[in-house]
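Here is the structure we will look at, set down as structure tokens.
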Amino acid sequence: MDSEAVASFYNERVNDRTERRTSRILRMRNFNNWVKAVLIQLHTRPNYSVLDLACGKGGDLLKWDSAGVTLYVGCDIARVSLEQAIERYQKMRQVKFDAMFLHGDCFSARVERYLSDEAMFDVVSSQFAIHYAFENEKRVRRLLENVSSRLKPGGFFIGTTPDANVLIRKLRAVEGLEFGNSIFNMAFDGPDKYFPGDKSPWGIRYRFTLDENVMDTPEFLVHFPSFEKIAAEYDLELRLLMNFHQFYLEFIKVPEFLEIYERLKVVGQHGSSPPSHQDDRHVLERDVYLTSGFTSPYLQGSRTMSGTRFSCTPRLFSKKRVDHRIQA
């Protein structure tokens, strides 16, 4: 099962900060972090609560802290990643929010079984993860059920995922079912290049390799019209769908977001403009995060204002971390 392969991959990854600082994809990572930081700032207010589905190693914990949340619940299929997230949380200084961590597959298990009835969230987030749900319709529906059952009316569901349109365009530009360069590679299962057409939008699999960080990992194309259609059944309305390049052009003009961009050193010390194709040092970064769409997002879905409004006590959980296992 591909979800088990994904869990195994992330469990085996080594959390090496030194290697991260010297990585050939460092600036791509920095740009991704900028996008997520802006996305979080746009949809979060002080005292909000957040449910983070597929939270990984807790790489966004500082972003949520900066946004002023008071409650954070993270869920991930990879137990080792969760242990690293807990360690990261414990090392945070003057942390302003309580945290709870759940171990399990949030695309197959009902997260609500492991939360109190009163635990509703202002924001549900899933960063670089929903493509794993697109293995089949059942997993997508479970994801949306987990979102809608715990999202307050008027709350936001935000996230990032590969841009399927760009991936297909790149695939059709080559002879076979594989494309890439010395840094990344994408190999589709086939048998042709026409998606989804008359076919099912689910289970369109490719295997992704990115430098030495992601090795031949199974992922699935996200057919957004199908995602939006099913989301409507769960009272989720699409508010914004934007490629990272568009996102950059729109929000780099905001002074506070420009400051974050510069602080993250997305383009080094040579200015705040996006990398240029004329600059060989930045060709990879531009190909990956501005035009190839490997990190292009669905950005937000808002719960329609219907049904009973629930409130969540900001200090619902103890400051001591709690680690639960959830099962499908």
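Just so you know, glycine gets a Cβ as well, placed from its N, Cα and C.
Cross-referencing A54, A67, A164, A173 with the S-adenosyl-L-methionine binding residues that TrEMBL gives (K36, D76, D105, Q127, Y132) picks out A54. The average pLDDT computed over the domain 'MRNA cap 0 methyltransferase' (23-297) stands at 86.
Q127 (S-adenosyl-L-methionine binding site) counts 24 other C-beta atoms within 10 Å of its own C-beta, drawing on all protein chains shown. D105 (S-adenosyl-L-methionine binding site) falls outside any helix or strand according to DSSP and counts as coil. Listed binding-site residues: D76, D105. The one with the lowest count of other Cβ atoms within 10 Å of its Cβ is D105.
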